[in-house]
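What follows is a short report on a single structure.
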Amino acid sequence: MSNQACFSNPGPELWNALGWHPSSEQLEQMIALQALLRQWNARVNLTRLVEGGDYWIMQVFDSLWPLQSELQNAQQPRRCIDIGSGGGFPGLVLAIALPGARITLVDSVGRKTAALKAMAAKLGLTSRVTVRSERAEFTGQDPCCRGLFDLAMARAVSTAPVVAEYLVPLLKPSGEALLFRGHWSPNDAKDLAKALRLLQADLIKMERRELPDNRGVRHQLRLRATLPCPATFPRPIGVPAKNPLGS
């Protein structure tokens, strides 16, 4: 697995490394998503990672590896939300892999949400995928979203304290927040712990994973609320990023 050609049509070694194998229909949808990204990238800057291993490892594999438990119970009804969905990762890939899930995709860039809606329709996912064009701070205070999700996630959005402030208010009492991280250090952990005390949530899992083909190291962080999130969070638009909790 040393070059792009190895993943022009992924073989079983990729799925063996993941510990999950898509059905033929799911694989076709993932290949179709790749083609749609190529088309939309000509109009909207969604992602540069659309070819070969860039797509199959850096996008698909990286979106799914933290979700082992969910993948083993793929038909289970659950509500998920992806904040800062961008080109649809992890949200659209998750919608393909978890046929029992309803997925909400959130992005503040109108051109990206238009692309997400169009791609979801082409993939036959419209009945289970909702797209919202708005800032995450608004989503977290909207009664239609606040406190309603089994899984809230964000990938490549901001620092961990900022992302936690976006995600924790969205969780139902039994729900979990999933933060996709690259580098993770003791100082990062200290900063997140300060934020979680204010959000009344705990870090329940941290897992490190090396991507196939020497594509780098990733971490997943799982959070769970200990008490209802204080109504003041998330703070008004722009404040979480300018003044991260605990800083």
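Note that Cβ sites are derived from N, Cα and C of the backbone, with glycine treated the same way.
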Exercise for review: Quick one: which of Arg102, Arg146, Arg155 does Swiss-Prot put in the S-adenosyl-L-methionine site with Gly84, Phe89, Ala136, Glu137?
Suggested key: Arg155
Review point. Rounded to a whole number, what is the top Cα to Cα distance in Å among the residues the record ties to S-adenosyl-L-methionine, namely Gly84, Phe89, Ala136, Glu137, Arg155?
Key: 20
Review point. If you skip the near sequence neighbours and keep only those at least six away, which residues in the chain come within under 8 angstroms of Gly84 (S-adenosyl-L-methionine binding site), Cβ to Cβ?
Key: Val106, Asp107, Ser108, Ala136, Ala154, Arg155, Ala156, Val157
Check your understanding: Relative to the Cβ of Phe89 (S-adenosyl-L-methionine binding site), which residues of the same chain, six or more apart in sequence, are found under 8 Å away?
Key -> Thr47, Gln59, Val60, Asp62, Ser63, Arg155
Exercise for review: Could you tell me which three-state DSSP class Phe89 (S-adenosyl-L-methionine binding site) falls into?
Suggested key: coil
Study note, to complete from the structure: Within 10 Å, the Cβ with the most other Cβ atoms among the binding-site residues Ala136, Glu137, Arg155 is that of Ala136
**Study point:** Where Arg155 (S-adenosyl-L-methionine binding site) falls in three-state DSSP terms
**Key:** strand
